Each structure stands twice: as structure tokens, then as C-alpha cells.
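Note sheet for the following structure.
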Amino acid sequence: MEHQAKKKFGQNFLTDTNLLKKIVDSANIKDKNVLEIGPGLGALTQFLTVQSKKYLAYEIDLSLVDTLKKFESEKAQFIFKDFMEDDVTKTLLNYFQNEEVHLVGNLPYYITTPIIFEFLKYDHLKTATIMVQKEVGDRIISDRNLKTYNGFSAILQYYTKVSRVVNVNRKMFNPVPKVDSMVVKLEKIDRRLPKEQEILYEKIVKSAFMHKRKTMVNNLSETFNIPKIELQQFLNKLGFKETARAEELSVEDFILITKSFNY
């Protein structure tokens, strides 16, 4: 019996073989450890289990157990539970030991952002090649001074090198979703700030983008309770105009501000 996609799990299944191969090729997982989230009917799984060194997947839909069990082997295992509710650190450590792991998946759109932030948390997860809603993908890869550039862009691009793999038309899915998609690749990069300053970096970025029509001075003053004249002088000293807005600043600019921010 044909599996019916479940709306509550955000299921939309890919069927185009050329696209599937492109995703797997871009993930570059030959003889590497792979974590897949949301394998669904196994469209990507059929390639990932063959190419990877060791494979682990999370699938929330228990009606897919029989479909996915046929891919199981000594080096390929499935966990039938919600990725967001598991102790992922413990699970990955037990299964992959301390080895590097690469995330691949056609993510359910309703939990894309939480999964991306989970990816950032785990040091042993080195890359993520993921299908996301095109609107989210545009933000992930956005440069400053574009309408799509926001705090999510600036935080993600601090921790990772981001790139677009391919745009995906909605008609390539079954059932057809209401939006187009994009495959993006995130590759962890060397940290440019001490860990304790990264918390400040994220706070500054979130504050700067809090009210998009307001200047950096107004937003930072509101968050950190600093007189505006002090912030104007601070930004001027670093080479920024007091009228600067968050969308004009690059990741490097936010790093510079964080390094000098002593309030």
C-alpha cells in the first residue's frame, strides 16, 4: 500500500533521481559518518547508506518502520523518535564515538530553524547539507544590504560557511507543497571569538535587528540600557556612522563590535 504523506510531520517526498544524486554528491559523504533527519521513504537513504562509513537516521513517523528497516545493516541504523526530543549528544557519541559526523536531510519545514541551531551546538557535526524552504534558504545565504539579510543570517554565517547547492521547484515533491525549496550546505568554520564572547555576539546581533527601521544606536541602547550618545561615540570610533542600521553590517563588522563592546 502506498504511503500517504502526513501533514502533521511536514512530509513532502522527493522523487527526482538526478536531484537526489546532486544532493548526495554535494554532501561529499563518501566513507564518512552520516546523520539523516527525516528519511521518509528512503529517497536519499538509498544512496547515503551505500556511500557512508556509518549511517544513523531519525524518523518520527512509526508507519515508516517497515519501509526503512530494509536499509538497515551493521553500519546503518534507524531511531524512530523525534530528533528534537532525544539526547542527541549521548546518541551520537555512543554510535559514532568521537568521530566527525555530517548531517543530511530533507528537513520538515516547521522545525528547520531549531534543527539548524541544534546542528550548531554539536561540535562533532561538521557539515549540514539540507533541504529548506526557499525563503529560509535565501536568508541563510544572504549578504548584507539585501532584504533577506537578518539576524539569522549573521549568526549562521559566524559559525559556518554557507552556500546554495540548488533551487528546487515545488513540483518535484509529492505531495506538492505551497512553496519552493532550496538545498543549502553549511560547513563549520574556525571560531573567531572566545566562547564567552559568542554569547555576546549573538545578543548584539539579535538586538541590532530587533527593530529593522531603527538604527543600531537605538536598538543597542534599548537592549543594553546605554546612553545613545555613548553608543554613537563607540560606533564612530570603530568607523561606523551613528545612523548605521543592522542590515548594512557584515559578520566581520559585528565581530569587531563584539570585541570592543565593554558595557
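Our numbering is plain: 1 for the first residue shown, then up by one each step along the chain.
Just so it is clear, glycine is given a Cβ too, placed from its N, Cα and C backbone atoms.
According to TrEMBL, the S-adenosyl-L-methionine binding site annotation covers Asn12, Leu14, Gly38, Glu59, Asp82, Asn106. Look at TrEMBL and you will find 19-190 tagged as domain 'Ribosomal RNA adenine methylase transferase N-terminal'.
A map of TrEMBL features onto the structure.
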residue : record                               : DSSP (3 states)
Leu14   : S-adenosyl-L-methionine binding site : strand
Gly38   : S-adenosyl-L-methionine binding site : coil
Glu59   : S-adenosyl-L-methionine binding site : coil
Asp82   : S-adenosyl-L-methionine binding site : coil
Asn106  : S-adenosyl-L-methionine binding site : strand
Cβ neighbour count within 10 Å, max among the binding-site residues Glu59, Asp82, goes to Glu59
Largest tally of Cβ atoms lying within 10 Å of a Cβ, found at which of the binding-site residues Leu14, Asn106: Asn106
Note down the number of other Cβ atoms within 10 Å of the Cβ of Gly38 (S-adenosyl-L-methionine binding site), including every protein chain shown. 23
